[in-house]
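To keep things clear, I will list the structure first and then write my remarks on it.
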Amino acid sequence: MCTLKVIFVCCILIMYDINIANSFPSFSIDGKDYPFSFYSRADWNADPSTDVRPLITPAPYVVIHHTYEPPACNDTAQCEAAMKSMQDYHKSLDWGDIGYNFCVGSEGGAYEGRGWEVVGIHAGKANSISIGICLIGDWREQLPPVQQLETTKALIEEGVKRGFISSDYKLIGHRQALPTECPGTALFNHISTWDHFVSQFEPPLTKKI
């Protein structure tokens, strides 16, 4: 009888540990913790990428984006669903994966897209020289929540600390690389006050062979 009780308690504890483990973000994709909630591709059940081209780091540019659809996500479940829907849509365009390197939700969580070391498809000529960060939601008329903005800044800082983003990086909005409203007028006006923002995107000259 005692043995059965012990087995029962052990099973309960194992189930408890599994539930606890699945209720928190990964925080790390390269062996180091992040100072904010971080969710890996595995956390949002990303499909394997079919477009993996190495990004030369440290990247000299950071490009800020927003989304018309999906709308702003306010909890982990919503944001993970938004990541999956974006990946599905971008794959339908033959991009092979979600286009962004990272996304940030309104709840302040950072979500791994293509990650630090893979070229994204998000800003034309800036793709191969930048980290693309999308603030999930439509930010044409209103600003994202404070926690979403702060996580975005912290994510950029982590990229610099870890050597994935150049210490003298240039920050631009998507509209500076391609003709688009993205990242929304309200958000664009706000990031224009951030450190490292530049008023003009200057792609590197293509060498003639």
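Note: Cβ is positioned from N, Cα and C throughout, glycine not excepted.
Whatever TrEMBL says is automated annotation, not expert-curated.
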Exercise for the section: Could you tell me which of C79, C103 is bonded to C73 by a disulfide, according to TrEMBL? Expected result: C79
Fill in the blank from the handout: Top of the disulfide-bonded residues C73, C79 by count of other CB atoms within 10 A is C79
Completion exercise
Across the domain 'Peptidoglycan recognition protein family' (36-178), DSSP yields 42 helix, 33 strand, 68 coil
